[in-house]
Amino acid sequence: MRDKILKILREHQDEYVSGEMICQACGVSRTAVWKHIRELEERGYQIDAVRNRGYRLLYSPDVVTPEEIILGLKTDVLGREIVYRDQVASTNELATELAYQGASEGTLVVADQQTGGRGRRGRAWFSPPGKGVWMSLILRPKLSPAYASQLTLVAAIALSRAFSSLTGQQAGIKWPNDIFFGSKKCCGILTEMHADHDRIHHIVLGIGINVNMESSEFPEELRDIAVSLRIVKGESLVRSKVIQSVLTYLEPLYQQYVREGGFSSLREEWKLESITIGRNVRAVTPRGEIEGTAVDIDEAGALCVMTESGEIVRIHSAEILFN
Ligand code: BTX
(Lines of atoms letter the chains of each structure in order from A and count residues from 1; the text may use other names and numbers.)
(Lines give C-alpha, C1' and ligand atoms only; values in the text may rest on other atoms or scores of the structure.)
Protein backbone atom coordinates (compact mmCIF):
# COMPACT_ATOMS: atom_id res chain seq x y z
CA MET A 1 0.00 0.00 0.00
CA ARG A 2 2.82 2.39 0.91
CA ASP A 3 4.35 1.63 -2.52
CA LYS A 4 1.12 2.64 -4.21
CA ILE A 5 0.78 5.90 -2.29
CA LEU A 6 4.39 6.78 -2.99
CA LYS A 7 3.87 6.04 -6.67
CA ILE A 8 0.88 8.40 -6.81
CA LEU A 9 2.80 11.17 -5.00
CA ARG A 10 5.73 10.70 -7.39
CA GLU A 11 3.49 10.93 -10.44
CA HIS A 12 2.14 14.25 -9.16
CA GLN A 13 5.34 15.68 -7.73
CA ASP A 14 4.55 19.24 -8.83
CA GLU A 15 1.08 19.41 -7.32
CA TYR A 16 -0.99 18.45 -4.30
CA VAL A 17 -2.90 15.19 -4.46
CA SER A 18 -6.11 15.12 -2.47
CA GLY A 19 -6.54 12.58 0.28
CA GLU A 20 -9.81 11.61 -1.40
CA MET A 21 -8.06 10.80 -4.68
CA ILE A 22 -5.50 8.61 -2.88
CA CYS A 23 -8.28 6.84 -0.94
CA GLN A 24 -10.10 6.01 -4.16
CA ALA A 25 -7.01 4.91 -6.05
CA CYS A 26 -5.90 2.67 -3.20
CA GLY A 27 -9.30 1.58 -1.93
CA VAL A 28 -8.56 2.52 1.68
CA SER A 29 -9.89 5.01 4.26
CA ARG A 30 -8.52 8.52 4.86
CA THR A 31 -7.20 7.40 8.22
CA ALA A 32 -5.29 4.58 6.56
CA VAL A 33 -3.79 7.00 4.02
CA TRP A 34 -2.75 9.34 6.81
CA LYS A 35 -1.12 6.43 8.68
CA HIS A 36 0.90 5.44 5.61
CA ILE A 37 1.96 9.05 5.04
CA ARG A 38 3.20 9.19 8.64
CA GLU A 39 5.17 5.98 8.09
CA LEU A 40 6.76 7.41 4.97
CA GLU A 41 7.77 10.49 6.97
CA GLU A 42 9.32 8.28 9.62
CA ARG A 43 11.41 6.72 6.85
CA GLY A 44 12.76 10.14 5.87
CA TYR A 45 10.32 11.29 3.17
CA GLN A 46 9.22 14.91 3.42
CA ILE A 47 5.56 15.28 2.54
CA ASP A 48 3.71 18.55 2.72
CA ALA A 49 0.13 18.15 3.97
CA VAL A 50 -2.21 21.10 3.43
CA ARG A 51 -5.82 21.22 4.52
CA ASN A 52 -8.27 21.13 1.59
CA ARG A 53 -5.46 20.58 -0.91
CA GLY A 54 -3.91 17.27 0.06
CA TYR A 55 -0.37 15.90 -0.01
CA ARG A 56 2.75 16.76 -1.98
CA LEU A 57 6.05 14.89 -1.98
CA LEU A 58 8.90 17.32 -1.30
CA TYR A 59 11.87 15.02 -0.77
CA SER A 60 12.73 11.32 -1.07
CA PRO A 61 15.62 10.01 1.04
CA ASP A 62 18.35 7.73 -0.34
CA VAL A 63 16.99 4.50 1.11
CA VAL A 64 16.99 0.92 -0.15
CA THR A 65 13.49 0.05 1.00
CA PRO A 66 11.19 -2.08 -1.17
CA GLU A 67 9.04 0.88 -2.20
CA GLU A 68 12.06 2.70 -3.65
CA ILE A 69 13.47 -0.37 -5.40
CA ILE A 70 10.15 -1.50 -6.88
CA LEU A 71 9.28 1.90 -8.37
CA GLY A 72 10.57 1.76 -11.93
CA LEU A 73 12.08 -1.73 -11.67
CA LYS A 74 11.73 -3.38 -15.07
CA THR A 75 12.73 -6.98 -14.35
CA ASP A 76 10.37 -9.96 -14.51
CA VAL A 77 11.88 -12.19 -11.84
CA LEU A 78 14.79 -10.58 -10.00
CA GLY A 79 13.69 -8.35 -7.15
CA ARG A 80 9.98 -8.99 -7.58
CA GLU A 81 9.93 -10.07 -3.91
CA ILE A 82 11.97 -7.89 -1.59
CA VAL A 83 12.88 -8.40 2.06
CA TYR A 84 14.39 -5.29 3.68
CA ARG A 85 16.06 -4.80 7.06
CA ASP A 86 17.60 -1.61 8.49
CA GLN A 87 20.31 -3.75 10.00
CA VAL A 88 21.26 -7.39 9.67
CA ALA A 89 24.33 -9.46 10.46
CA SER A 90 24.66 -10.59 6.85
CA THR A 91 22.14 -10.50 3.99
CA ASN A 92 23.61 -13.82 2.79
CA GLU A 93 22.80 -15.35 6.15
CA LEU A 94 19.22 -14.05 6.15
CA ALA A 95 18.73 -15.04 2.50
CA THR A 96 19.91 -18.56 3.31
CA GLU A 97 17.35 -18.84 6.11
CA LEU A 98 14.60 -17.56 3.82
CA ALA A 99 15.68 -19.92 1.03
CA TYR A 100 15.31 -22.89 3.39
CA GLN A 101 11.84 -21.58 4.27
CA GLY A 102 10.90 -21.68 0.57
CA ALA A 103 11.48 -18.08 -0.64
CA SER A 104 10.85 -17.83 -4.35
CA GLU A 105 13.33 -17.52 -7.21
CA GLY A 106 14.57 -13.95 -7.56
CA THR A 107 13.80 -12.87 -3.98
CA LEU A 108 16.00 -9.93 -3.04
CA VAL A 109 17.24 -9.49 0.52
CA VAL A 110 18.67 -6.05 1.17
CA ALA A 111 19.88 -4.19 4.25
CA ASP A 112 20.97 -0.64 4.98
CA GLN A 113 23.76 -1.94 7.20
CA GLN A 114 25.46 -5.26 7.88
CA THR A 115 27.10 -5.85 11.23
CA GLY A 116 28.73 -9.12 10.17
CA GLY A 117 29.12 -8.76 6.39
CA ARG A 118 31.32 -11.55 5.06
CA GLY A 119 33.66 -12.11 2.18
CA ARG A 120 35.22 -15.40 1.11
CA ARG A 121 37.00 -17.67 3.56
CA GLY A 122 35.46 -15.94 6.56
CA ARG A 123 36.90 -12.51 5.76
CA ALA A 124 34.96 -9.45 6.88
CA TRP A 125 33.15 -7.11 4.47
CA PHE A 126 32.89 -3.46 5.53
CA SER A 127 29.16 -2.57 5.27
CA PRO A 128 28.34 0.75 7.00
CA PRO A 129 24.81 2.26 7.04
CA GLY A 130 23.55 4.70 4.42
CA LYS A 131 26.48 4.33 2.05
CA GLY A 132 26.36 1.05 0.21
CA VAL A 133 24.28 -1.69 -1.31
CA TRP A 134 24.39 -4.91 0.69
CA MET A 135 22.15 -7.41 -1.01
CA SER A 136 21.57 -11.10 -1.69
CA LEU A 137 19.47 -12.78 -4.36
CA ILE A 138 17.89 -16.18 -3.84
CA LEU A 139 18.15 -18.16 -7.07
CA ARG A 140 17.02 -21.66 -7.94
CA PRO A 141 18.56 -22.53 -11.31
CA LYS A 142 17.75 -26.02 -12.55
CA LEU A 143 21.38 -26.92 -13.03
CA SER A 144 23.90 -29.37 -11.69
CA PRO A 145 25.90 -28.11 -8.66
CA ALA A 146 29.03 -28.07 -10.83
CA TYR A 147 27.71 -24.86 -12.43
CA ALA A 148 26.97 -22.95 -9.23
CA SER A 149 30.31 -21.17 -8.85
CA GLN A 150 30.03 -19.96 -12.46
CA LEU A 151 27.16 -17.72 -11.36
CA THR A 152 29.76 -15.45 -9.74
CA LEU A 153 31.28 -14.86 -13.17
CA VAL A 154 27.88 -14.18 -14.74
CA ALA A 155 27.01 -11.68 -12.00
CA ALA A 156 30.39 -9.99 -12.45
CA ILE A 157 29.59 -9.21 -16.10
CA ALA A 158 26.32 -7.54 -15.07
CA LEU A 159 27.96 -5.56 -12.27
CA SER A 160 30.82 -4.32 -14.39
CA ARG A 161 28.40 -3.17 -17.10
CA ALA A 162 26.06 -1.53 -14.60
CA PHE A 163 28.89 0.37 -12.88
CA SER A 164 30.38 1.60 -16.17
CA SER A 165 27.00 2.85 -17.24
CA LEU A 166 26.20 4.48 -13.87
CA THR A 167 29.54 6.28 -13.51
CA GLY A 168 30.62 6.88 -17.11
CA GLN A 169 33.98 5.29 -16.20
CA GLN A 170 35.19 1.83 -17.21
CA ALA A 171 34.80 -0.80 -14.50
CA GLY A 172 36.40 -4.22 -14.83
CA ILE A 173 36.31 -7.74 -13.40
CA LYS A 174 39.13 -9.13 -11.33
CA TRP A 175 38.70 -12.90 -11.48
CA PRO A 176 36.73 -14.39 -9.91
CA ASN A 177 34.57 -12.17 -7.69
CA ASP A 178 35.64 -8.54 -7.57
CA ILE A 179 34.79 -5.46 -9.58
CA PHE A 180 37.48 -2.83 -9.81
CA PHE A 181 37.97 0.71 -11.03
CA GLY A 182 41.66 1.01 -11.85
CA SER A 183 43.50 -0.74 -9.03
CA LYS A 184 40.74 -0.39 -6.43
CA LYS A 185 37.82 -2.58 -5.49
CA CYS A 186 34.28 -1.21 -5.43
CA CYS A 187 32.34 -4.44 -5.21
CA GLY A 188 32.64 -8.06 -4.12
CA ILE A 189 30.49 -11.12 -4.81
CA LEU A 190 29.95 -14.02 -2.44
CA THR A 191 28.07 -17.00 -3.90
CA GLU A 192 26.90 -19.71 -1.52
CA MET A 193 24.84 -22.75 -2.45
CA HIS A 194 22.83 -25.59 -1.05
CA ALA A 195 22.73 -28.65 -3.27
CA ASP A 196 22.67 -32.43 -3.26
CA HIS A 197 24.73 -34.57 -5.59
CA ASP A 198 22.85 -33.81 -8.81
CA ARG A 199 20.87 -30.62 -8.33
CA ILE A 200 21.06 -27.14 -6.87
CA HIS A 201 18.38 -26.40 -4.27
CA HIS A 202 19.26 -22.75 -4.07
CA ILE A 203 22.10 -20.31 -4.60
CA VAL A 204 22.47 -17.17 -2.54
CA LEU A 205 24.20 -14.56 -4.66
CA GLY A 206 25.58 -11.94 -2.28
CA ILE A 207 26.71 -8.59 -3.67
CA GLY A 208 28.37 -5.76 -1.74
CA ILE A 209 28.73 -2.41 -3.52
CA ASN A 210 30.48 0.69 -2.18
CA VAL A 211 28.20 3.44 -3.42
CA ASN A 212 28.51 6.75 -1.60
CA MET A 213 31.54 6.55 0.71
CA GLU A 214 34.20 9.23 0.63
CA SER A 215 37.79 7.94 0.82
CA SER A 216 38.05 9.12 4.42
CA GLU A 217 35.03 7.00 5.37
CA PHE A 218 36.82 3.72 4.66
CA PRO A 219 38.74 2.19 7.56
CA GLU A 220 42.48 2.83 7.39
CA GLU A 221 43.30 -0.68 6.16
CA LEU A 222 40.93 -0.38 3.17
CA ARG A 223 41.75 3.17 2.13
CA ASP A 224 44.37 2.17 -0.45
CA ILE A 225 42.45 -0.76 -1.89
CA ALA A 226 38.78 0.27 -1.84
CA VAL A 227 36.81 2.79 -3.87
CA SER A 228 33.14 3.79 -4.18
CA LEU A 229 31.00 4.64 -7.21
CA ARG A 230 30.73 8.17 -5.83
CA ILE A 231 34.49 8.67 -5.76
CA VAL A 232 34.73 7.42 -9.34
CA LYS A 233 31.82 9.48 -10.63
CA GLY A 234 32.50 12.61 -8.63
CA GLU A 235 28.92 12.79 -7.39
CA SER A 236 26.64 10.70 -5.21
CA LEU A 237 24.28 8.10 -6.59
CA VAL A 238 20.81 7.00 -5.51
CA ARG A 239 21.27 3.52 -4.07
CA SER A 240 17.88 2.16 -5.16
CA LYS A 241 18.75 3.11 -8.74
CA VAL A 242 22.04 1.27 -8.42
CA ILE A 243 20.11 -1.85 -7.37
CA GLN A 244 17.67 -1.45 -10.25
CA SER A 245 20.51 -1.11 -12.72
CA VAL A 246 22.30 -4.21 -11.39
CA LEU A 247 19.11 -6.31 -11.55
CA THR A 248 18.32 -5.06 -15.04
CA TYR A 249 21.76 -6.02 -16.37
CA LEU A 250 21.77 -9.30 -14.46
CA GLU A 251 18.40 -10.73 -15.42
CA PRO A 252 19.04 -11.51 -19.12
CA LEU A 253 22.52 -12.84 -18.35
CA TYR A 254 21.13 -15.07 -15.59
CA GLN A 255 18.42 -16.33 -17.93
CA GLN A 256 21.04 -17.15 -20.55
CA TYR A 257 23.17 -18.96 -17.95
CA VAL A 258 20.16 -21.12 -16.99
CA ARG A 259 19.00 -21.68 -20.58
CA GLU A 260 22.40 -22.55 -22.01
CA GLY A 261 23.44 -24.58 -18.97
CA GLY A 262 26.28 -22.60 -17.43
CA PHE A 263 28.80 -19.87 -18.14
CA SER A 264 30.36 -21.04 -21.41
CA SER A 265 28.09 -19.04 -23.77
CA LEU A 266 28.94 -15.87 -21.82
CA ARG A 267 32.68 -16.37 -21.88
CA GLU A 268 33.42 -13.82 -24.61
CA GLU A 269 31.27 -11.22 -22.87
CA TRP A 270 33.13 -11.88 -19.62
CA LYS A 271 36.45 -11.32 -21.40
CA LEU A 272 35.26 -7.92 -22.64
CA GLU A 273 34.74 -6.84 -19.03
CA SER A 274 37.89 -8.46 -17.63
CA ILE A 275 40.89 -6.63 -16.27
CA THR A 276 42.54 -9.97 -15.46
CA ILE A 277 43.44 -11.45 -18.85
CA GLY A 278 46.84 -10.29 -20.04
CA ARG A 279 48.05 -9.43 -16.53
CA ASN A 280 50.98 -10.94 -14.66
CA VAL A 281 49.45 -12.62 -11.67
CA ARG A 282 50.30 -14.59 -8.57
CA ALA A 283 47.56 -17.10 -7.77
CA VAL A 284 47.50 -18.21 -4.17
CA THR A 285 45.71 -21.57 -4.16
CA PRO A 286 45.11 -24.09 -1.38
CA ARG A 287 47.87 -26.18 -3.00
CA GLY A 288 50.47 -23.45 -3.30
CA GLU A 289 51.30 -20.44 -5.43
CA ILE A 290 51.40 -20.17 -9.21
CA GLU A 291 52.98 -17.22 -11.00
CA GLY A 292 52.54 -16.33 -14.63
CA THR A 293 50.41 -14.47 -17.14
CA ALA A 294 46.63 -14.84 -17.11
CA VAL A 295 45.99 -15.77 -20.74
CA ASP A 296 42.38 -16.94 -20.86
CA ILE A 297 39.30 -18.16 -19.04
CA ASP A 298 38.02 -21.62 -19.99
CA GLU A 299 34.44 -22.75 -20.65
CA ALA A 300 33.98 -23.73 -17.02
CA GLY A 301 35.27 -20.39 -15.75
CA ALA A 302 38.74 -21.52 -14.67
CA LEU A 303 41.50 -18.94 -15.09
CA CYS A 304 44.26 -20.14 -17.44
CA VAL A 305 47.69 -18.98 -16.33
CA MET A 306 50.80 -19.48 -18.46
CA THR A 307 53.84 -20.02 -16.27
CA GLU A 308 57.40 -19.05 -17.19
CA SER A 309 58.02 -22.54 -18.56
CA GLY A 310 55.11 -22.10 -21.00
CA GLU A 311 52.85 -24.53 -19.21
CA ILE A 312 49.17 -23.55 -18.98
CA VAL A 313 47.69 -24.11 -15.52
CA ARG A 314 43.92 -23.98 -15.00
CA ILE A 315 43.00 -22.35 -11.72
CA HIS A 316 39.58 -23.09 -10.27
CA SER A 317 39.87 -21.33 -6.93
CA ALA A 318 42.49 -18.87 -5.76
CA GLU A 319 43.30 -15.44 -4.45
CA ILE A 320 44.69 -13.48 -7.38
CA LEU A 321 47.33 -10.83 -6.83
CA PHE A 322 48.41 -8.61 -9.70
CA ASN A 323 52.18 -8.45 -10.08
P1 BTX B 1 36.63 -11.28 -0.63
O2 BTX B 1 36.97 -12.33 0.37
O3 BTX B 1 37.03 -11.49 -2.04
O4 BTX B 1 37.13 -9.88 -0.16
C5 BTX B 1 37.20 -9.54 1.20
C6 BTX B 1 38.33 -8.54 1.38
O7 BTX B 1 38.00 -7.31 0.72
C8 BTX B 1 38.57 -8.16 2.83
O9 BTX B 1 39.50 -9.02 3.42
C10 BTX B 1 39.11 -6.72 2.72
O11 BTX B 1 40.49 -6.71 2.41
C12 BTX B 1 38.38 -6.19 1.49
N13 BTX B 1 37.18 -5.44 1.84
C14 BTX B 1 36.36 -5.56 2.92
N15 BTX B 1 35.32 -4.73 2.84
C16 BTX B 1 35.47 -4.02 1.69
C17 BTX B 1 34.73 -3.01 1.04
N18 BTX B 1 33.58 -2.54 1.52
N19 BTX B 1 35.21 -2.55 -0.14
C20 BTX B 1 36.35 -3.00 -0.69
N21 BTX B 1 37.10 -3.95 -0.12
C22 BTX B 1 36.67 -4.47 1.05
C23 BTX B 1 34.32 -10.35 -1.39
O24 BTX B 1 35.04 -11.18 -0.56
C25 BTX B 1 32.86 -10.67 -1.30
C26 BTX B 1 32.09 -9.69 -0.47
C27 BTX B 1 30.60 -9.92 -0.50
C28 BTX B 1 29.87 -8.98 0.39
C29 BTX B 1 28.37 -9.13 0.23
S30 BTX B 1 27.49 -7.85 0.97
C31 BTX B 1 26.01 -8.70 0.84
C32 BTX B 1 26.33 -10.14 1.13
N33 BTX B 1 26.24 -10.44 2.52
C34 BTX B 1 27.41 -10.80 3.04
O35 BTX B 1 27.64 -11.08 4.25
N36 BTX B 1 28.35 -10.79 2.08
C37 BTX B 1 27.79 -10.42 0.80
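Just so it is clear, glycine is given a Cβ too, placed from its N, Cα and C backbone atoms.
Because TrEMBL annotations are produced automatically, they should be read as predictions rather than curated entries.
From the options 19-38, 139-158, the stretch TrEMBL describes as DNA-binding region is 19-38. Binding residues for biotin (Ser90, Thr91, Asn92, Gln114, Arg118, Gly119, Arg120, Lys185) extend across at most 20 Å, taking the greatest CA-CA distance. Shown in sequence order, Gln114, Gly116, Gly117, Arg118, Gly206 are the residues of the chain, 6+ apart in sequence, with a C-beta less than 8 angstroms from the C-beta of Ser90 (biotin binding site). Following the DSSP three-state reduction, the secondary structure of Arg118 (biotin binding site) is strand. For Gly119 (biotin binding site), the same-chain residues 6+ apart in sequence whose C-beta sits under 8 angstroms from its C-beta are Trp125, Gly188, Leu190.
Taken residue by residue with DSSP, Lys185 (biotin binding site) is part of a strand. When the neighbouring Cβ atoms lying within 10 Å are counted for each of the binding-site residues (Thr91, Asn92, Gln114), the highest count belongs to Thr91.
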